[in-house]
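Participant: Sharing a structure below in C-alpha cells format, with a few things to ask.
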Amino acid sequence: MNPTVGIAVFLTVLQATHCQMIKDLSACLLGQSLRVDCRYENKTSNPLTYEFSITKDNRKHVIHSTISVSENAYRGRANVTMHKNLVCLYLQSFTTSDEGVYMCELKATNDYTGNQIRNITVIKDKLEKCAGFSLLIQNTSWLLLLLLSLPLLQAVDFVSL
C-alpha cells in the first residue's frame, strides 16, 4: 500500500471514531443567570473533560474548566452541572459586560482525535428565558412515557363520566 494512502485512510478512521461530538450549543436566561447548554453525543464510557470560555475584545477568558485554570473573575459566579449527554454552564449575575462569544470545548479521555469545540454569540437583550422542563426532556424516556400515558388518561376521564 502506498504510504500516503495508508496515512489518509488512518486519518479518516480517526476522524470517524470521535468519542464525543457536540450536537448543539444554546444559551438562555434563568432568572438573573446565564445558562449555556452544551449537548453532545458520547460514544465511550471514558471520562469527559470540558472548558467553557468567552471571547471578549479578542481575548479568551476561561470561565469554568476541567482542562485548564478558570479566571478569578468567574470563579465565584460560575458552576457546571453534567447530565446524560449535557454539560450546563451557569453564570450568576449575568450582565451586558458578560456578552461575547461563548465556547464549549469537550474532550474524552484517550480520545486522540482532538477536542470538540462549538461557539455561540450571547447578547443579553436577545436571549430567551429558559424553558422550565428542558432538562426533563433530555432523557427521552420521560417524553415517551408521557406520550404513551395520554390515551390511558383520556380513557380514565371517559370512564368516570
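Note that Cβ sites are derived from N, Cα and C of the backbone, with glycine treated the same way.
Under the heading domain 'Immunoglobulin V-set', TrEMBL lists 33-106. What TrEMBL records for 1-19 is signal peptide.
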Participant: Across the domain 'Immunoglobulin V-set' (33-106), what is the average pLDDT of the model, as a whole number?
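Facilitator: Across the domain 'Immunoglobulin V-set' (33-106), the average pLDDT comes out at 92.
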Participant: Could you give me the DSSP helix, strand and coil counts for the domain 'Immunoglobulin V-set' (33-106)?
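Facilitator: Helix/strand/coil tally for the domain 'Immunoglobulin V-set' (33-106): 7 helix, 45 strand, 22 coil.
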